[in-house]
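Annotation comment: TrEMBL describes 1-67 as region 'Disordered'. The compositional bias 'Low complexity' annotation in TrEMBL covers 10-22, 51-67. According to TrEMBL, the feature compositional bias 'Basic and acidic residues' maps to 23-50. Residues or ranges marked as coiled coil in TrEMBL: 129-255, 326-390.
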Amino acid sequence: MCQKRRSPMKLSELESQLSQLQDDLKKAKEQLHSSENSRKRALQEAEEARAQAAEASARASDSQAQLAELSSVEQTRIFELRRLSQERDRSWQSELEAMQKQHEADSAALVAAMGEVHRLRVQLAAAARADRKQEVAEALATVDELRAKLSASEEAEAQARALHEECKQQLEASRATIDSLLTDGSKLMDSFSLVVTELEESRAKLKALEEEVAETTSAKAAASGQRCNCSDSEAAELRSALEDVEARFQEEKILSTVETQCAYELMDQIKVESDLRHGKLAAALASAKSEVMFLKASLFDRESELRRAHDATKKLQDDARTNSTADELKAQLQGALQENGQLKLELRQYESEKVPAKSDADAAAEAAKKGETEAELRRLRVQAEQWRKAAETAMALLTVGKGGNGKILDRGESLDGGKYAGLYDELDDDAAAARKNGNVLRRISGMWKK
């Protein structure tokens, strides 16, 4: 993330530097226009000087009689002044030519530096495009992977919910079974109570019969022998029936007790298992929900990174269009430099075609012209010095650009290899180089303003 934040900052600094260079080119063009205007004014002044020289020559033709009367010492002084002026003109001309050669060399160096800067910018844009393409591909792959994980988590969540519903249905079925078992147990208890009541009634009947038999035995032993035999047989049958009922009652009681205990044990076991399964399902559902939330957050982050990469790609395309505009400005600057060279060539021809003065008035005009020429030479010297400083600054900028390019390409190679080690150090170096480039561009701007 740190890399994604610093890379747009570096591109914005490069864009500001490019805009400042474009402003400097515009200022250079304005200075060239001003130099052309000064050349035109110089040509007008030269025409005026020629007209004045023609008038002076006309006046000189009128005053030739007076000039013939001048002494030989004055003529020697005039010849000496002419010789000195010619020597000074030659020295100034040689100095002007040397300065013009130096200016042309500085201009060529500046043009070469601008070309190298443009080449480095193209390499930087290509490296940035490659980095952006790789980052976009990685982001898309990560987004696809996160989407697959999200779909798998949703499927797992759906399965967990289905299993939870199934367990809930099983729990309800077990509860219904337990309720039915409890109902059956209550019915058995009711039937047992009925059997007990019947047994008590049979016992009461048996006791009544025994008492009746005991009462009638002593009084009617002979007469009712047959009836006693019948009563004894009925009592025996009742006893056997009572014993059978008691045995069946005990068996049913034991069976109902066992069934009730088994039902309670089964209910407890089902309840424990359902609680354990419910806890496991709740934990699995919670973990699935947390994983889904994490995957959604990761997907949102990746989509935001993808949008930022798309915006950076658009910005790089705009930078490419700006570089084409910089090429046009460079061509205009080269044309302006050629036009300046032609102007200087015309000035040199004008200086070579200058007619030497032949009188005191011509000497005065020549002295004034020499003063103007000296001022022009000083101005050209200052301008040449500025061009030289600008060329040196451009070479320094070129050196810094080469160093920055190397680091950028190294960073691109590390990104291609999938290694991010040392990335923050390289970004810090790039930021320092960008600040240094900004200082150099401000110095160039100050020189152009001067």
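Just so you know, glycine gets a Cβ as well, placed from its N, Cα and C.
TrEMBL: automatically predicted annotations, no manual curation.
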DSSP-derived helix, strand and coil totals, residue by residue, for the compositional bias 'Low complexity' (10-22): 13 helix, 0 strand, 0 coil
Tally of DSSP helical, extended and coil residues in the compositional bias 'Basic and acidic residues' (23-50): 28 helix, 0 strand, 0 coil
Model confidence over the coiled coil (129-255) (mean pLDDT, whole number): 71
